[in-house]
Amino acid sequence: ETDIDDRYGDLDSRIDSDIPEIPPSSDRTPEILKKALSGLSSRWKNWWIRGILTLTMISLFFLIIYMGSFMLMLLVLGIQVKCFHEIITIGYRVYHSYDLPWFRTLSWYFLLCVNYFFYGETVADYFATFVQREEQLQFLIRYHRFISFALYLAGFCMFVLSLVKKHCRLQFYMFAWTHVTLLIIVTQSHLVIQSLFEGMIWFLLPISSVICNDITAYLFGFFFGRTPLIKLSPKKTWEGFIGGFFSTVVFGFIAAYVLSKYQYFVCPVEYRSDVNSFVTECEPSELFQLQNYSLPPFLKAVLRQERVSLYPFQIHSIALSTFASLIGPFGGFFASGFKRAFKIKDFANTIPGHGGIMDRFDCQYLMATFVHVYIASFIRGPNPSKVLQQLLVLQPEHQLNIYKTLKIHLIEKGILQPALKV
């Protein structure tokens, strides 16, 4: 057993020695901030830089929310591309000395292919009436999956042709690197947009819960942190983890109450071909209508009342906030392990005091999958608007058959009266 441990230890050290040192990122803190904070210790200087940049990013996020759903989709796409760039750049820096042919070109080509596939699926699902009016788009949508596969196949063949005998193993490493990055980044980004179409609240609350947990865990850890949480991320503490959890649950519950009041946030995002824009108008579902709930005995004694009015979505917000604060951070721990494996402090130096875009969104991708699965499992029912859009693109004879079948079904259920025979 000792020999096996020694062998694995030698293997680990050999692999570590094969990984070249990546030069540290340059400091991109604005000069005006450097001068203003020059008298502070590095700990407090970093605190102020992080705080100022955090408030700036939150303000920009509010502005984009005000600009509407389409701008949020563009934001998700932009973040996705930047995160992909940061991870691929690490791979390129690690193996650049081997002069691997076509690595970056093929990586970006595969990103284009995967985005073409996912965004094409979104267009087919949610923009059917618009596609019906455009003949060129009809062809692309009808053969969308075949075209997507053909594009990917071309990239696959290019990769095989680029293989060099002495670098084969490294080239397969980087091929796997690219595909795992695509799986983590692009797939989750697609799920974020899918959640957005269910209603902006399903986009905003999970994302803001992760942001709230990140901020409050940092603050609790900064001021009260004493007990290390995990070796992968030495600065994380139990005090920050627990403080972030309670703060996030309270924040999510209050934010859910505020957002549930407005159609703009709770209505599914739909494309209206008559006005050629996204609209968020509907009769809110029961999930976003106030309901009376009986309180458990121990809360009755504390609050001194029998019942309370809540939006049902507030109860779901507890599940979302709990995941964001207890499981979401493991996305950050995963990223910390990744950075430690490649001897880097941050993915990039895009945001002073924060690192790269991926450093700020490492927990969001895990959250995106959970929200999608949660909606599919506990929330989503048949979408009448989506069904109607699919019906409108059918051939007239198929539409007529569906109409007759639906009419017979409604008559049998007693909803429609059978036509009187003269």
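Every residue gets a Cβ built from N, Cα and C, even glycine.
TrEMBL: automatically predicted annotations, no manual curation.
Given the structure is predicted, the values throughout are model-derived calculations rather than measurements.
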Looking at 313-335, 359-381, which one is transmembrane segment according to TrEMBL?
313-335
Interface-richest range of 100-119, 139-161, 173-193, 313-335 toward the transmembrane segment (237-259), CB pairs under 8 Å:
313-335
May I ask for the residues of the chain that lie six or more residues beyond the transmembrane segment (313-335) and have a Cβ under 8 Å from a Cβ within it?
201, 205-206, 209-210, 212-213, 217, 230, 232-233, 236, 241, 244-245, 248-249, 251-253, 255-257, 260, 266, 287-288, 347, 358-359, 362-367, 370-371, 374, 378-379
Under an 8 Å Cβ to Cβ limit, what residues of the same chain, 6 or more beyond the ends of the transmembrane segment (47-79), are close to it?
29, 33, 37, 40, 115, 189, 192-193, 196, 200, 203-204, 211, 215, 218, 222, 269, 277-278, 280, 351-354, 357, 360-361
So what's near the transmembrane segment (139-161) in sequence-distant terms, Cβ-Cβ under 8 Å and 6+ beyond its ends?
102, 106, 109-110, 112-114, 116-117, 120-121, 123-124, 131, 171, 175
Where else in the chain does the transmembrane segment (173-193) make close Cβ contacts, counting only residues six or more beyond its ends and a cut-off under 8 Å?
73, 76-77, 79-80, 83-84, 87-88, 91, 95, 100, 103, 106-107, 110-111, 114-115, 118, 121-122, 159, 203, 364-366, 368-369, 371-372
